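According to TrEMBL, the protein has these features:
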type: BINDING; residues: 173, 177, 178, 179, 300; note: (6S)-5,6,7,8-tetrahydrofolate binding site
type: DOMAIN; residues: 33-133; note: domain 'Serine hydroxymethyltransferase-like'
type: DOMAIN; residues: 163-438; note: domain 'Serine hydroxymethyltransferase-like'
type: MOD_RES; residues: 285; note: N6-(pyridoxal phosphate)lysine
type: SITE; residues: 284; note: site 'Plays an important role in substrate specificity'
Ligand code: DSN
């Protein structure tokens, strides 16, 4: 029997619109592509049966999810509101303007651009806008021309080379920086020269004095702050001073912590928006929206950022922008501030309990939504821990630690985050229980022996099935109290 029919029969007295829409959509998809319907259903079941501790993931609301599944996907709307390259964009204008206004209100930003499809795209829009405004446009002026199109091929080649010579300074991957902040295997290191700052080897935290000295030596054109695996707050007032001291544009990638800024946990010097020329973010991490990105900037960059398409992007995704507008409205509510505070409280509780149970947390703790656990004392790599914890019912990801000897594939750490479990409503008791389960599993896991070589495997670990079983039962007991999307019965 179709899912929707079963649901309507059972709940005739109390129909939930989101459940109806979801189940009807699954039935419709199944009639054409059963594999896809099955994969969506299985994903729901997977997310319901594992504790989601991936620091960059969350659970968006069903309203956000449903706003993405409609005919807005069929509309091209290159350009920006009221300045489009296609006819018939009035409805997309309404949607995009609402998303921009909600976003500006959340962050008190001078300008918001909501088209980037991801955080990586948002960073590319920001990088190239800075290069266009600070290098290309100045060079056009110096050459006595008015527009890019007036340059001769030789002049244009000169501008192109100049842009390639600019210098980006961001946090290194091992210290917790992101791939798009100048990593060699990412385009960010190919479009500019990139140099990195590290955390202090002793404190494993940023040392602004050292950073200021390095900036003076390197004289970057862009100073970039932000991270995907750093568990401390950043003082953006100090970072802006450093950027100003070398004439750099100050850019912040707040993809991981934008929800904490929106929820007013990060205020004053810990809020990047008043200090940075340009701020980028994803929409789906602590901010709990659909998958996507955005850029905020000072008014002086607005015109250039608005031309993210065609500079970097193709046509916008109006259906995703609709879902962003919903998520931004959600983040503008007072409930969201309570949510953001609980994320950080939960992370702190989890980290402190892990520590008291014998795990080492990089930098000694956390001030945000995430923490990196150093696995050295357990004799495990990140891959061992990631896979054995997954078997126990906890989804985490392996992560490098500062000075990691195991490289980015195996790693020596795992990253844990609390945005998703906090969305489910978990609190202190659950964090203590989760820490206990994690340490018990890690203490009892041993690297497996590779049959062919007799060597210890760097990827697979073994554990007494009784301990694993006990961990699974404890995880299931927690999950049973905090159901995901309870209105959807599958
Ligand atoms: N993949 C995201 C994260 O896990 O932090 C960043 O790109």
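Backbone N, Cα and C define each Cβ position, glycine as well.
Here the features listed in TrEMBL are placed on the structure.
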residue : record                                                  : DSSP (3 states)
173     : (6S)-5,6,7,8-tetrahydrofolate binding site              : coil
178     : (6S)-5,6,7,8-tetrahydrofolate binding site              : coil
284     : site 'Plays an important role in substrate specificity' : coil
300     : (6S)-5,6,7,8-tetrahydrofolate binding site              : helix
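Summary for the binding-site residues 173, 179: the Cβ-based neighbour count within 10 Å is maximal at 173. If you compare Cα positions, residue 284 (site 'Plays an important role in substrate specificity') sits closest to 178 out of the binding-site residues 173, 177, 178, 300. Around the residue listed as 'N6-(pyridoxal phosphate)lysine', the same-chain residues at least 6 positions away in sequence with a Cβ under 8 Å from its Cβ are 55, 56, 57, 58, 255, 256, 258, 259, 419.
Ligand 1 lies under 6 Å from the Cβ of none of the recorded positions 173, 177, 284, 285, 300. For residue 178 ((6S)-5,6,7,8-tetrahydrofolate binding site), the same-chain residues lying six or more positions away in sequence with a CB closer than 8 A to its CB are 119, 170, 171, 226, 227, 228, 253, 255. The C-beta environment of residue 300 ((6S)-5,6,7,8-tetrahydrofolate binding site), restricted to residues of the same chain at least 6 apart in sequence and closer than 8 Å, consists of 277. All protein chains included, residue 284 (site 'Plays an important role in substrate specificity') registers 25 other Cβ atoms within 10 Å of its own Cβ.
Mean pLDDT across the domain 'Serine hydroxymethyltransferase-like' (33-133) comes to 98 in this model.
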